[in-house]
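As recorded in Swiss-Prot, the features of this protein are as follows:
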- D9, S10, Y41, S42, N74, T75, T185, H186: substrate binding site (BINDING)
- C73: active site, proton donor/acceptor (ACT_SITE)
- C184: active site, proton donor/acceptor (ACT_SITE)
Amino acid sequence: MKPTILLYDSGMGGLTIYDAIRQTLPNAHYLYCFDNAYFPYSERSENVLIEQAVKIVQKIAEKYPLDMVVVACNTASTVVLPALREKFAFPIVGTVPAIKPAAAISQTKTIGLLATKGTVERPYVAELIEKYAKDCIVEKIGTTTLVELVEEKIRTGNVDQDRLSKVVAEWQTHPTLDTVILGCTHFPLVKQELQQLLPNVKYFIDPGNGIANRVSALLSESVPEEPEQNKENIAFCTKIDEEFFKREVIMQQWGFKRLELLNFL
């Protein structure tokens, strides 16, 4: 049997995690939900994030037997994992800022955490820094603007360079910053633009490969001799808006057969 893996995020940034997992497990069956009715998650309360996580996973699991859920969002992962693991028997993998590898690789021991405001302010992240980067200076930028810029790039192919530059302005002249953690699954999609704006930064760290390895370790993938029926990769959204058909084309380009509305009624 092909393992069925559900990934979800508030937007399409989690596609960076999907892409990393797909390269490791190309024959798995993928479902992807972006919770656009509650985008961006960084502006939602912890209770709302937990409620949405349970509703999304429950609804999709009713129709598709799931082998794994990947919370492809840093902000949600700092909050929802205990609730999901308590309710569901299949493995739940989260996405957290790659503070440990960043602290290990930084030569100047000066790290930048680029994430959403919600992620930057979570006590969980402070605990990770205390545990793995105690000997480092950790500079933080919490931004919702960059999430919006990435969603715009996904839809149009264009990036507003002026707005992007303003987001990281305080780091552009930083004398010792050599490592930046891309602490939101959206941000690897503007890695090249960030490299141009921050030429003194040697390392940009994102969690994609680490998560792919973790998922692979938890799943034993078996490739069937005959193609399985009814195993199409399907994407879901939680609200239909004027961008629906454009998003459907984008999801098809990423290997999903169609985009459906996830109806909770």
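Glycine is treated like the rest: Cβ placed from N, Cα and C.
Positions of Swiss-Prot features highlighted on the structure.
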residue	record	CB count, 10 Å
D9	substrate binding site	30
S10	substrate binding site	30
Y41	substrate binding site	27
S42	substrate binding site	23
C73	active site, proton donor/acceptor	33
N74	substrate binding site	32
T75	substrate binding site	30
C184	active site, proton donor/acceptor	34
T185	substrate binding site	34
H186	substrate binding site	28
S42 (substrate binding site) in three-state DSSP notation: helix
Beyond the site residues D9, S10, Y41, S42, N74, T75, T185, H186: chain residues whose C-beta lies within 8 Å of the centroid, for substrate: G11, G13, G14, P40, C73, A76, T116, G118, T119, V147, C184
Helix, strand or coil at D9 (substrate binding site) [DSSP, three-state]: strand
Rounded to the nearest Å - Cα separation of C73 (active site, proton donor/acceptor) and D9 (substrate binding site): 5
Residue pair S42 (substrate binding site), C184 (active site, proton donor/acceptor) - Cα distance, angstrom, rounded: 10
Substrate site span - longest C-alpha distance across D9, S10, Y41, S42, N74, T75, T185, H186, in Å: 12
